[in-house]
Structure formats: structure tokens, C-alpha cells
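Feature annotation from Swiss-Prot assigns Fe cation binding site to 54, 58, 128; the stated evidence is sequence analysis.
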């Protein structure tokens with residue numbers, strides 16, 4: 001099985017909340033697709049609550065588009081990580097990490113402005129696979145933590161696992 005890019009970085013040294021360029025790739029037509037690791041919590045130390053991350057999934061994707069799309073950037077998708085420590089964001093373009101962090105801050109501020117659970121977009125059985133598994137309060141708690149902590153930048157070269165470490169880990 002091929003080693004995925006996300007498993008070549010040392011998760012024990014990741015800062016959170018933090019932005020990281022997880023991958024860039026070129027389409028056959030020459031567009032650049034950038035995948036960002038938007039790490040909300042430190043791996044293996046904390047996780048986002050089930051209802052909180054689900055509510056953020058509904059809110060964050062729209063808010064990030066409001067703040068980041070434009071001038072050569074178009075978000076394709078924002079999806080929660082299976083480990084529940086953050087989100088992956090795929091987009092067309094190459095925005096600077098600080099621009100992504102700024103949009104993230106603005107999006108968390110937007111989350112705090114949502115007035116009631118019934119204001120969560122697509123919160124119904126027709127548009128959501130588990131529409132009863134939401135908590136605006138938990139999403140707001142996550143947003144408050146992110147805003148209080150500040151958002152840093154994780155760099156791949158600083159987090160890269162050595163070839164010898166990758167080989168050792170593949171033997172386990």
C-alpha cells in the first residue's frame with residue numbers, strides 16, 4: 001500500500017491550531033490544487049467532539065468560502081479528518097498560509113455569531129446523513145478555543161519523518 005503524504009509528518013510535533021500545506025498537485029490543464037491540513041487540536045492529545053465537529057462541518061465550509069474564495073482561489077471541499085483533530089481543505093489556487101489562517105479566524109468569529117441551532121445550514125434529514133447529531137454550543141466552544149489560542153503554521157520540512165524512521169515504522 002502506498003504511503004500517503006499525511007503519514008510522512010511527525011504528528012507528535014504538530015502545533016494546533018495550525019495551518020499546513022499538506023499537498024500540492026497540478027491538474028492536466030495546469031491548475032494548482034492545494035490541500036491544507038487545518039489542525040484544530042494536537043494529535044493524540046485532544047479530539048473535537050462528535051456533535052461539535054459535525055456542526056462545524058456545516059458552518060465552516062460556507063464561512064471559509066466567504067472569506068477565502070476569489071482572486072485565483074476556489075475551495076473545492078472542506079472535510080473533517082477521521083481522527084477528529086481537524087479538517088482537510090482542498091482548493092484551486094495557492095493562497096498563503098497566513099491568508100488561510102486569517103480566513104479561519106474570521107470563520108470562527110462567524111460561528112460565534114450563529115444565533116440558534118435552527119440556523120445551521122442543511123440541518124434536515126434530506127440534506128444531512130445524521131441531522132440530529134449537532135451541537136451549536138459545542139461548535140461555538142471549539143471556535144472560542146481556536147480564537148483564544150491563535151493559529152500558527154506547521155511546515156512540512158520541520159515535521160518530516162526521516163527515511164529511517166519511516167522504514168522502522170513500516171516494520172511494525
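Each residue, glycine too, has its Cβ placed from N, Cα and C.
Feature map: Swiss-Prot annotations on the structure.
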residue: 54; record: Fe cation binding site; CB count, 10 Å: 22
residue: 58; record: Fe cation binding site; CB count, 10 Å: 19
residue: 128; record: Fe cation binding site; CB count, 10 Å: 17
Note to self: Please list, in sequence order, every residue of the chain apart from 54, 58, 128 whose Cβ lies within 8 Å of the Cβ centroid of the Fe cation site.
What the structure shows: 55, 57, 120, 122, 123, 130, 131, 133, 134
Item checked: Three-class DSSP secondary structure - residue 54 (Fe cation binding site) -> helix
